[in-house]
Amino acid sequence: MKKKCIAMLLAGGQGSRLRSLTTNIAKPAVPFGGKYRIIDFTLSNCTNSGIDTVGVLTQYQPLLLHSYIGIGSAWDLDRRNGGVTVLPPYSVSSGVKWYEGTANAVYQNINYIEQYNPDYVLVLSGDHIYKMDYQHMLDYHIAKQADVTISVIEVPWEEASRFGIMNTNEEMEIVEFAEKPAEPKSNLASMGIYIFNWPLLKQYLQIDNANPHSSHDFGKDVIPMLLREKKRPFAYPFEGYWKDVGTVKSLWEANMDLLDENNELDLFDRSWRIYSVNPNQPPQYISPEAEVSDSLVNEGCVVEGTVERSVLFQGVRIGKGAVVKESVIMPGAAVSEGAYVERAIVTPDSIIPPHSSVCPEDADDVVLVTAEWLKQSNEETARKDEA
């Protein structure tokens, strides 16, 4: 069945800067915002934008992500024609061919794309937090008669060297692209969101794949090649909320952003819902002794202590006399009686011991509490007690 536009969602990244949060799961599967996973935002954007055919390309630690996505029913993508399809690397006659870059991942799934004979292909990343109407971007792409359109956002000049940076003319046509430049000429950063005319994308994926010196990456190889060959690349300016949650600190910041009174993400906006898999937990319980303010408290939580400006995921327990401030407590974790937690991300199923304290040594830092961190902390406490 022919589709005007289909999406290819890149979800195979490890996210090593998130440290132990991605030891056993892919970055797009990391919990976020009390009840979601990072990939929920991109999948929900597709649903809300009317993109009903999505290929999800997975590779690193994919099992939980595959189980979570299932047949796509949580995002209304369980369709007979189209819907969501998980696309891990697979074995061919020459052996298993791992994805070797973002462009190579799409190249290896040309047959999947061809069955829909699309006019346009939307390439997405599954590891950013944002809301976007992709239909508006597609309309812009068509109006500009572009070969490729790249969504861009203005970033602070001091951070521009961390991104792929676009230089454009007055018509927003891209005249120069630099990947993480030491001296950026612009602060228009690529968001890793592309719309290509499918015939042209197919042609250049094949050219790139045949180049043994290519890293097979859209930003490093394919886009510069299009510029060299004088194609029509345009930048699509995006002005909403967008966060690259690639570090522990940025993940914590994005969760805290949700608690701002006028935050741009607004999880309660019924006109642009963020869908997720229902955890099937009982209602949360807030005891008479508890004090909760400026926080997100999800299903299945039991709160008997004090919670201030924090995000509690499903099944979290906060004991009597415990205090939690500016923290993210992930699914199934517990803060025991009398414990104190501030500016921390507590990983799933971790248990903070009674009357212990968790807070960063540097006031601007964030503590990532894991089983290994707790073990080391307990050993240090035991040594101090012995002394």
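For all residues, glycine too, the Cβ spot is worked out from N, Cα and C.
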- Task: Pick the one from S186, S190 that Swiss-Prot also lists for the alpha-D-glucose 1-phosphate site with Y99, G164, E179, K180.
- Result: S190
- Of all the Cα pairs drawn from Y99, G164, E179, K180, S190, the residues the record ties to alpha-D-glucose 1-phosphate, which distance is largest, in Å? 23
- Item | For E179 (alpha-D-glucose 1-phosphate binding site), nearby residues of its own chain (Cβ under 8 Å, 6 or more apart in sequence) | G164, G219, K220
- K180 (alpha-D-glucose 1-phosphate binding site), DSSP three-state class -> coil
